[in-house]
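Enquirer: Look at Swiss-Prot and you will find 69-74, 84-85, 90-91, Gln113, 148-149, Trp193, Arg203 tagged as FMN binding site. Residues or ranges marked as substrate binding site in Swiss-Prot (evidence: sequence analysis): Lys74, Tyr131, Arg135, Ser139, Arg199, Leu200, His201.
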Amino acid sequence: MRTLTCVPDESTAKVHTCRAPFMLHRVMIPPDPIQRFAELFERAKQAIAVDPNAMVVATVGDDGRPSARVVLLKDFDARGFVFYTNHESRKGREARAHPYAALCFYWQPLNEQVRVEGRVERVTDAEADAYFQSRARGSQVGAWASLQSQPLATREELEARVAEVEQKYAGQPVPRPPHWSGFRVVPDRIEFWHAQESRLHDRHVYLREDGGWRTQMLYP
């Protein structure tokens with residue numbers, strides 16, 4: 001793990017003096033980016049105790065303004081990267097209206113970053129149902145109670161909605177709300193970044209072409 005060191009500066013508001021040493025490491029380039037991601041993700045799970053599957057998801061609105069937030073990756077395979085959400089949330093509305101998104105993983109203990117770009121598609125109902133039933137009951141209730149991204153007057157209003165849902169489904173399974181499902185980001189571009197000394201980082205991008213992947217190094 002890198003230790004961040006900040007050189008004393010006359011202003012505590014400045015962070016440009018913060019530096020971290022990097023482990024020199026030559027990156028092997030497998031032909032399949034999903035395989036490469038899977039190997040890195042296994043290392044991240046060993047190195048990061050809390051939420052190694054955290055990622056930034058960026059979408060764009062009708063006005064062209066991007067929005068980004070941290071969510072949890074719930075599944076990935078050759079088809080793409082899956083997360084779940086309320087489809088009436090801001091990210092849900094934007095992903096449906098403009099079905100492209102960007103993801104970013106940053107695993108600081110590994111000196112690794114992965115960026116994913118691609119088309120967004122909805123997961124199947126069977127996939128969404130299976131994942132929803134694996135969630136804690138409180139999270140299932142919350143999926144019904146929360147009008148995600150809508151204005152909320154008081155915390156008590158939310159708690160009252162939670163109580164109503166709990167009463168409605170007392171003693172029985174909580175079904176998946178029709179507005180709650182998953183999105184799969186189908187990648188057409190995946191970039192791997194590995195930190196090196198003097199900011200001469202390793203960057204390799206995979207571009208989907210003719211049903212396969214073409215790799216290309218990039219200047220840091």
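Glycine is treated like the rest: Cβ placed from N, Cα and C.
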Enquirer: For the binding-site residues Gln113, Ser139, which one has the sparsest Cβ surroundings, going by other Cβ atoms within 10 Å?
Expert: Ser139
Enquirer: Cα distance, Ser149 (FMN binding site) to Lys74 (substrate binding site), nearest Å?
Expert: 21
Enquirer: Consider each pair of residues in Lys74, Tyr131, Arg135, Ser139, Arg199, Leu200, His201, all listed by the record as binding substrate, and report the largest Cα separation in Å as a whole number.
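Expert: Largest pairwise Cα separation, rounded: 43 Å.
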Enquirer: Which residues, sitting 6 or more apart from Leu73 (FMN binding site) on the same chain, put a CB under 8 Å from its CB?
Expert: Asn53, Ala54, Met55, Phe81, Val82, Phe83, Leu103, Phe105
Enquirer: If you measure from the CA of Tyr131 (substrate binding site) out to 10 Å, which binding-site residues from the list Arg69, Val71, Tyr84, Arg90, Gln113, Arg203 are inside that radius?
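Expert: If one measures from the Cα of Tyr131 (substrate binding site), the binding-site residues that come within 10 Å are Tyr84.
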Enquirer: Please report the DSSP secondary structure of Arg69 (FMN binding site), reduced to three states.
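Expert: In three-state terms, Arg69 (FMN binding site) counts as strand.
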